[in-house]
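Shown next, in structure tokens, is the structure this report addresses.
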Amino acid sequence: MTKAIFPGSFDPITNGHAEVVEAAARMFEKLYVVIMTNTSKKYLFDEKERLDLAKKVFENDKNIEVIARPAELTVEVAHELNAGAIVRGLRNTTDFNYERDIAGINKTLDPKLNTVLLFTRPEDSFISSSMIKETVFFGGNVSTLVPKPVAAALEEKLRNQNNEEK
């Protein structure tokens with residue numbers, strides 16, 4: 001069985017992420033969406049919330065499993081799951097340069113593990129989780145940029161934060 005992992009912080013999952021997951025799920029018999037930690041990011045959603053949201057987004061996809069591995073290296077997760085590939089999404093050349101460097105580190109740690117790069121649609125190439133959070137923070141509508149469960153969770157999170165500030 002061909003298996004791959006799609007690791008990320010997914011804070012929150014965007015339509016670009018979902019597009020890459022769906023494309024990868026057509027390429028591999030089993031795809032693990034892995035909720036991980038990026039120590040350089042400030043999170044809006046905690047690990048459990050990110051896991052629950054991802055599970056909702058992909059609940060109808062039979063060959064996609066969502067798991068959390070916040071304290072492990074990507075290569076270790078791939079080994080644990082017997083995955084032969086790491087899937088990453090690309091929006092632009094900046095992403096390519098970053099992912100090339102990460103793929104180099106992963107290849108050094110495990111020469112047999114491949115990285116598969118998938119491009120998002122041009123109309124989704126500007127979407128980033130950081131941009132989504134910034135837009136929501138200032139009251140913007142992002143419902144066309146994220147899956148429905150994510151849009152609802154963002155709205156609720158913002159409402160709760162606004163109520164706490166009052």
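Heads up, the Cβ atoms here are built off N, Cα and C, so glycines get one too.
Taken straight from Swiss-Prot:
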BINDING   Ser9, Lys41, Thr74, Arg88  substrate binding site
BINDING   Ser9, Phe10, His17, Gly89, Leu90, Arg91, Glu99, Asp124, Ser125, Phe126, Ile127, Ser128, Ser129, Ser130  ATP binding site
SITE      His17  site 'Transition state stabilizer'
Nearest of the binding-site residues (Lys41, Thr74, Arg88) to His17 (ATP binding site), judged by Cα-Cα distance: Arg88
Extent of the ATP binding site in Å [max Cα distance among Ser9, Phe10, His17, Gly89, Leu90, Arg91, Glu99, Asp124, Ser125, Phe126, Ile127, Ser128, Ser129, Ser130]: 18
Whole-number Å value for how far Ser125 (ATP binding site) lies from Arg88 (substrate binding site) (Cα to Cα): 14
Least surrounded among the binding-site residues, given as His17, Lys41, Arg88, when other CB atoms within 10 Å are counted: Lys41
From Ser9, Lys41, Thr74: binding-site residues whose CA lies within 10 A of Ile127 (ATP binding site): none
Collapsed DSSP category at Ser129 (ATP binding site): helix
Ile127 (ATP binding site), number of other Cβ atoms within 10 Å: 20
Per DSSP, three-state class assigned to Ser9 (substrate binding site): coil
Spatial neighbours of Ser9 (substrate binding site) that are distant in sequence (at least 6 apart) but have CB under 8 A: Ile35, Met36, Thr37, Asn38, Lys41, Tyr43, Arg50, Ser129
